[in-house]
Amino acid sequence: MKEKISTYQAVLLIVSAIFPTAIVVLPVIIGKYLEQDSPLAVIFSGLVGLGIAWLIGSLIKATGDAPFLEWVGNKISPVFAVLIGIFLLQYYLDLTTNVLRVYVNFIKENVLLNTPTVITAVIIMLVTLYMINRGIEAISRINSIVNLMLLMVFPLYIWGLTKHINLHRLLPIFDHSAASLTLASLTPIGWMSEVSVLLFIAPYLKFPRKSTFIGVIGICLVTLAMFVEIIMTLLVFGPQYMKNIAYPIFSTISIIQVGRFIENLDVLFISYWTMSVYMKIAIFMFATVQCFKQTFRIRNDKPYTVALSIVVITECLYTWREPEKLNIFNEEGRIIVFLLFNILLPMGILLWTRIKEPVIKRKEYKT
Amino acid sequence: MKLKFLSNHKAASKPETVTASSRPLESSMDANVAEIKRRIGNSADVVFRSLSNPASGSPSLTFIYIDGLINADLVTQAVIQPLTDSQDLQEQGMENEKALLLIKEQILPVGGIKECKTVEILLSMLFEGNTIILLDGANTALAANTSGWETRSINEPTSQGVIRGPKEGFTESLRTGTSMLRRRLKNADLRVEEYKIGRRTQTGIALVYLYGIANEQVLAEIRKRLDAIDTDSILESNYIEELIEDGGMTPFPTILNTERPDAMAGGILEGQVGIIIDGTPFALLAPATFFSFFQSSEDYYQRYDISSFLRIIRFTAFFVSLLLPALYIAITTFHQEMLPTTLLISLASQREGIPFPALIEALIMELTFDVLREAGVRMPRAIGPAISIVGALVLGQAAVQAGLVSAAMVIVVSFTAISNFVIPSLAIANSIRLIRFLMMLIAGTMGLFGIMSFLMVLLIHMAGLQSFGIPYLSPVAPMKPRYLKDIILRMPMWKMKIRPSTYGSQEAPRQNLPAKEQQVSAKQSGPQGSENS
Amino acid sequence: MSEKKRIRRKIHHKGRSFLLVLSLLSLLVGGCWDDRELNELGIVSGSAYDWEDDQWKATYQVINPSSGSSSMGGSGGGSTSSPPFLTYTVKGSTIIQAVERTNLTSTRELFFSHSRVTVIGESLAKQGISQLVDLFLRRPDARETVYVFITEGEAGRILDQLMQLTKNQGAGIQLMIEQEAKLTSYFPGIQMYELAMQMTSDSGSTTVPEIKLTGNRVMDRTDDTAQTDLPSRIAFGRLGVLKEDRFVGWLSQREAFGLSFMTDKIKAANISFPSIPEKSDRDDASVTLLHSSTSVHPIWENDHYVMDIDIKAGAILTEIGSELDLEKASSMRQMERSIENNILEIIDNSWHAVKKLNADVTGFAVSIHRNHPKQWKRIKQEGSWDTVFQKVEIRPHVKVKIERIGLSGRSYKSLELK
């Protein structure tokens with residue numbers, strides 16, 4: 001009696017797949033190029049994101065109910081599928097590692113200053129493993145609760161900050177060139193393209209045909225949330241100051257003061273955020289395992305899951321040890337990888353099958 | 001380990017029972033009596049009484065019953081007297097099958113008479129309080145239902161009291177239990193299926209459900225699991241609960257237990273299946289979701305506004321009970337910046353001179369409370385007040401004054417303890433008692449991050465749990481907004497028009513929707529209720 | 001069959017539970033790297049920084065919990081003879097070095113999250129405070145919401161001063177400044193993050209209120225506070241002006257008030273004015289401003305900017321010493337004119353002082369950037385804001401409306417005359 005993931009749960013999964021890590025660094029990355037025009041970049045990347053969602057959606061529609069890589073294997077060639085699988089595996093491993101590293105860094109910098117990173121990384125990974133073990137259905141159920149909590153947290157956030165808002169901080173609009181808009185949008189577009197994780201969640205959906213809808217609504221929600229966040233940060237801190245703080249969202253929260261009693265709410269928000277990052281990491285770890293499973297056609301993935309998570313931990317601890325490297329990759333390197341794996345690859349496969357399909361059909365017709 | 005043991009045991013014991021169960025009665029009464037005596041041994045409470053044939057003078061009829069299990073008056077008036085007085089029997093003689101038929105069909109004025117062909121059936125009838133009548137020359141025995149033993153009268157439930165609402169609780173008697181449900185649900189769809197489980201105890205178990213409302217798959221699953229039970233004893237409902245609940249290591253109960261017939265009737269009406277076990281007033285309800293443990297039957301006996309408020313209080317109490325000591329530890333040792341300054345200073349001044357770290361302090365106090373609680377259950381009534389004075393004064397006040405623990409910690413621990421009793425179901429309250437300790441340890445090592453990680457594990461654990469195929473966290477995760485009317489809040493009765501399908505039953509209107517009144521009432525007379533509308 | 005399945009399920013679950021237990025164990029084995037017990041913490045309620053002999057001189061005010069400084073009393077733990085807080089003064093070539101050295105002399109680890117105020121000595125302010133601001137933004141346990149003050153002379157002295165009514169001096173100063181901003185609006189208190197925001201904004205200048213002792217003596221003994229009228233109290237004096245991160249001069253209280261009008265920081269204020277200006281120049285009436293809003297519009301006129309400052313305020317009459325007939329609309333107009341003139345004068349006064357300091361504390365640069373982004377870009381490229389600023393002319397318009405006249409319909413004086 002395994003219940004499949006309903007459409008609205010899937011939408012929230014998409015939100016969790018993109019939002020948690022974006023929320024922390026978004027204002028800094030966009031603000032650097034666009035200052036008070038930053039909301040434009042969010043909207044722009046949201047639009048591009050919609051396109052990507054549509055692309056991924058139609059690819060899933062094409063696959064039917066079959067797992068993605070199997071379908072590629074059948075349609076194009078098994079060797080090609082394995083090849084793509086290996087590349088995608090590498091991509092998802094990297095992505096999971098990256099999320100883990102961002103998470104670990106954050107905990108290290110804000111919450112547990114002296115605890116060794118190994119410990120935090122291992123604990124996070126253990127929790128993630130347990131989550132995967134309980135299945136994507138359980139993850140998606142909890143994910144919707146976590147996201148619904150966001151609905152309660154957001155008004156609190158906005159209400160708490162109303163006292164500090166100055167609308168003039170948004171002026172002057174359109175102060176920046178199109179070039180800086182593109183530059184600023186690149187990273188958010190990269191995040192939006194993470195919607196492609198749907199490819200691996202699709203077989204677990206109740207209605208895989210609705211993938212386009214799921215992706216589009218998911219992207220819309222993410223764009224909305226990002227938009228609110230960046231607008232609030234701008235309104236409270238102004239463009240110049242925003243660029244200079246490492247975690248603007250938590251800085252905005254830390255100035256919220258309700259009466260004389262409730263202050264320093266940031267720890268509460270951090271706790272909430274902790275949960276949502278767990279969701280994100282679990283989703284991508286799940287995608288990694290799925291990718292591994294499909295590439296090497298493995299039935300029982302349990303032992304490999306542990307191995308994969310060990311790979312993730314080691315990669316996290318040794319490759320991304322220096323924060324500068326991570327920052328550079330986050331800002332520059334990532335976008336290429338994202339473009340390649342989330343846009344070009346699906347597009348290529350979709351085109352390939354579209355071109356080939358008529359040929360096959362014609363053949364069938366003849367025989 | 002346990003399973004292996006069980007299966008071994010089964011293999012060893014099966015043949016024995018097979019050979020034993022097929023021993024038919026012989027036609028010689030003496031042989032039968034001798035066999036029964038051999039089986040029962042020299043038990044003092046088994047009474048053998050023989051009547052002799054007036055013609056031959058030799059004993060030709062024997063009653064066997066167990067003293068204490070029968071109603072002595074009934075046996076005298078309804079069994080012995082008719083037999084000794086019967087003219088027909090005197091004429092007929094007491095020897096043969098004919099006499100047996102005569103006794104069964106004409107002489108005995110008793111409600112239930114059954115024939116026993118084998119020794120085993122005979123014995124089991126005997127242990128249920130029947131009076132066995134053995135005739136010489138007949139290889140069939142009669143069992144007359146004369147059962148009547150001392151039972152506790154129906155009392156107010158001790159563990160689940162209410163202020164307003166029915167005051168009667170289940171008793172140890174299975175039949176009383178089913179009768180209480182019948183009285184509440186006067187409906188042909190109420191089905192009672194009986195099982196005998198436990199090779200040695202032969203405990204009666206009744207499966208009670210509403211046909212057409214309880215989900216068939218759930219029912220089948222419960223039957224399957226009950227049938228699979230192979231154990232020698234069932235002494236309390238927890239035996240059944242542990243044996244049939246969904247596997248896996250979980251601290252959370254997935255079957256609800258209740259002492260209240262009204263609560264059970266309510267559950268059955270929503271599609272749950274009741275399991276009443278002979279010998280204990282605690283009956284089971286399955287499947288159960290996490291949220292069903294927070295519903296008290298009193299919620300429906302008072303106004304919805306106050307019930308909703310109480311529900312919220314309960315959930316808050318649940319979180320307090322689970323998290324408060326952990327949060328206290330985490331905040332005072334990791335995240336002091338969260339506290340308002342004045343509070344921090346006052347806590348700091350209390351902690352001056354406390355020899356233990358906050359974690360140890362909290363663990364000590366929590367353990368102390370659990371010791372007190374256990375003592376409270378065990379100690380004789382007479383010395384109860386003494387213990388509570390010692391507990392409250394010595395451990396509370398004196399410990400603070402001696403500077404061993406801080407006053408704030410005493411407040412935290414006692415509030416946690418009290419909160420634990422707000423939760424209506426003791427089962428779930430107990431499950432978080434243990435989790436709380438883990439939570440405290442984690443909070444003491446990793447602070448809020450640890451708490452959140454552990455909460456995540458708990459949540460995901462619960463989301464993956466099932467109770468007979470029903471997701472444990474439904475209808476919240478997976479979310480079914482239509483069924484949320486009776487979860488966090490208790491909506492007014494006139495709002496809850498639909499019976500939720502949380503427990504796998506078909507969704508159906510509970511109240512007549514005004515527009516379709518005629519239609520629905522017509523359909524409700526059918527066995528399936530009004531599922532289709 | 002089903003038995004087998006059950007067993008398999010059990011084993012399966014064993015794996016899961018093993019994972020669970022493992023994760024929990026590792027959490028516990030994790031140990032405690034970050035925990036600090038409350039009685040190991042020195043809760044800092046305020047800090048002060050001076051610059052002396054090319055070194056940082058930091059003073060930390062650490063709360064003494066056992067003196068019951070939460071003013072909760074009752075619990076009987078605290079003896080009144082021990083001071084509610086202790087101060088540590090240390091020097092170091094960097095701030096953190098000073099903190100380290102404090103830890104050498106103190107039994108407790110300094111904990112900054114509850115710090116409420118930071119006092120900057122004039123000596124340091126002249127040297128530049130960017131390093132200090134950076135520290136506050138960088139350290140996770142330093143809160144950006146501390147109020148910043150500047151003092152003439154040595155900053156550490158301020159923190160030694162005991163206060164009456166509040167034992168926790170840092171929190172007391174915070175209360176004072178919040179009260180002040182709410183009631184009089186002379187010096188809007190500035191928090192560290194606001195300071196940072198203003199310093200990074202286009203104007204690059206900011207103001208910090210002065211904190212001082214009214215007398216010469218520092219009341220730093222607990223028995224000093226056992227008198228009703230302390231000879232020396234903590235008070236706010238003037239407004240310090242910082243350009244970039246350096247102190248450039250003071251604005252008097254009246255000038256600061258004018259600045260509050262220009263920067264829309266008025267929450268409530270009292271204004272005294274002559275009720276019948278043609279009769280006498282002496283202030284004989286006062287109003288409380290209930291609300292006030294300021295909007296600034298830069299206009300480019302030939303070769304310089306004119307700042308069009310539009311102030312709209314509503315007031316309630318609180319005091320009147322003349323025989324003015326309050327029932328007449330004309331007399332109300334008359335008073336409103338008088339108030340407006342008064343405010344205009346205050347603003348003008350303030351503007352001259354600001355111009356003299358050549359620090360754009362008015363935030364004109366920001367409004368020019370917002371309204372004339374292209375010109376601003378040019379100014380920025382040329383780096384000519386200082387000269388442009390010197391040429392800025394202000395054109396304030398004030399509109400005050402007396403909305404209510406209080407509970408008495410006429411002036412008492414007019415009753416007396418009859």
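Glycine is treated like the rest: Cβ placed from N, Cα and C.
The shown structure was predicted, so the numbers you read here are calculated from the model rather than taken from an experiment.
Feature list (source: TrEMBL):
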{"type": "TRANSMEM", "residues": "A:12-34", "note": "transmembrane segment"}
{"type": "TRANSMEM", "residues": "A:40-60", "note": "transmembrane segment"}
{"type": "TRANSMEM", "residues": "A:72-93", "note": "transmembrane segment"}
{"type": "TRANSMEM", "residues": "A:113-132", "note": "transmembrane segment"}
{"type": "TRANSMEM", "residues": "A:144-161", "note": "transmembrane segment"}
{"type": "TRANSMEM", "residues": "A:181-201", "note": "transmembrane segment"}
{"type": "TRANSMEM", "residues": "A:213-237", "note": "transmembrane segment"}
{"type": "TRANSMEM", "residues": "A:270-292", "note": "transmembrane segment"}
{"type": "TRANSMEM", "residues": "A:333-353", "note": "transmembrane segment"}
Stretch contact, the transmembrane segment (A:12-34) with the transmembrane segment (A:113-132), Cβ-Cβ under 8 Å, 3+ pairs: no
Stretch contact, the transmembrane segment (A:333-353) with the transmembrane segment (A:113-132), Cβ-Cβ under 8 Å, 3+ pairs: no
Contact check, the transmembrane segment (A:40-60) vs the transmembrane segment (A:144-161), 3+ Cβ pairs under 8 Å, seq sep 6+: no
Cβ contacts under 8 Å made by the transmembrane segment (A:213-237) with residues that lie 6+ beyond its boundaries: 7, 10-15, 17-19, 22-23, 26-27, 30-31, 36, 38-39, 42-43, 45-46, 49-50, 52-54, 56-57, 150, 154, 157-158, 161, 164-167, 169-170, 188, 191-192, 195, 198, 205, 245, 248-249, 251-252, 255
Annotated stretches the transmembrane segment (A:144-161) and the transmembrane segment (A:270-292) touching (3 or more Cβ pairs under 8 Å): yes
Within-chain partners of the transmembrane segment (A:72-93) [C-beta distance under 8 Å, separation at least 6 from its ends]: 66, 284, 287-288, 291-292, 294-296, 308, 311-312, 315, 337, 341, 345, 349, 352-353, 356
